Amino acid sequence: MAVLVSSHNRYYTSPSVPRLTDAFPRVPISNGFSKAFGGSNIQVINGSMATLALDKSSGSGLASVNKYHYGFFSAAIKLPAGLTSGVVVAFYLSNADVFPHNHDEIDIELLGHDKRNDWVIQTNVYANGSVNTGREEKFYLWFDPTQQQHQYSIIWNNHHIVFLVDNIPVREFQHSGSFFPSKPMSVYATIWDASQWATHGGKYPVNYRYAPFRVSFAEMEMSGCISNPTGTVTSCSKNTPSSLDPIEGPEFVKLSNQQISALGWARSKLMFYSYCKDTSRFKVMPPECK
C-alpha cells in the first residue's frame, strides 16, 4: 500500500514480508507486566491494553514480570498526536535494575518532534554498561503512527538483534564481537520527558500546554527463554502456534532473502542517522561498522 511519509512528502510502497507477529501468542498486560513508575498515569483496559500518560507530574511505565535471555518481543503502539517535542515513547529490554554499572539494553525509542509533528524511531544497543558509546540509528516512519496501532518488534538471540516495524526489518545488529547484550533482561513500555536530548538535541522541550500525552500499548508478545533468578536453569517457551523457535529456529538465526530486501528498502529510503557515519563522535569506528 502506498502511504505518505510526511517528513519527505513522498509516497512509498512498503515491501511484503513474513508476519512474524502472527506466529507468537499475545501476553495479557494484566498478567505479564507490573507498574514500574507513574502508576496513577497508567490505565489497563480489559487486561489486554494499557494507556500510559505523561503529564507535568510524571511519566509512566510498565515492566515485565519475567526476565528473558533471548526471544521475540513485540508491542502494538499508538502514539500521541499533536505537538510532541521532547516526548519519548519506549519499548525496550534492559537489566539496569540488576546490573547498574554494566547493564545491557536494546531500545526502540519513538521520539516526538517539532512543529512538523513527525515522530521518528531511534534504535539503540548497549552492552556491559557502555552508556557512553551507544549504537544509535534513526529512521522516518512510512505511516502516521498517531492514527492507529502499529507493531514494533525485537528479535534477540545469540546470532543477532533485529528491529522490526510492522514486521519490516529496519536494522540488524550482528553478534560479531564482544559488544553484544548477553545477560537476562526485563521488557519495558514507557512514556517520559526527554527534553534534554530527544528533539533536535534538546532544542525543543516538552510543551506541557498540550499535556497529557497518552500512548496505548496492546498485542504484547514475549516469547523466548525465561530466566530463573534462583537457579541456573532457564525455561524456553517454544509452544507457539507455528512451533517457531525465536532462539535457534531457522527463521530467526538469519534474515530471509525477502527480509534482506525489505531491510535494504528501509535503510535506503528512511534512515537519516547512523552512528557508523558519525565521525564527530567516533574517531575510530566501532568494529561492527566495518
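Here the Cβ of each residue, glycine as well, is placed from N, Cα and C on the backbone.
According to TrEMBL, the protein has these features:
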- 10-217: domain 'GH16' (DOMAIN)
- Glu105: active site, nucleophile (ACT_SITE)
- Glu109: active site, proton donor (ACT_SITE)
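A sphere of 10 angstroms centred on the C-beta of Glu105 (active site, nucleophile) encloses 20 other C-beta atoms. Mean pLDDT, taken over the domain 'GH16' (10-217), works out to 92 on the 0 to 100 scale. Other Cβ atoms within 10 Å of the Cβ of Glu109 (active site, proton donor), summed over all protein chains shown, number 19.
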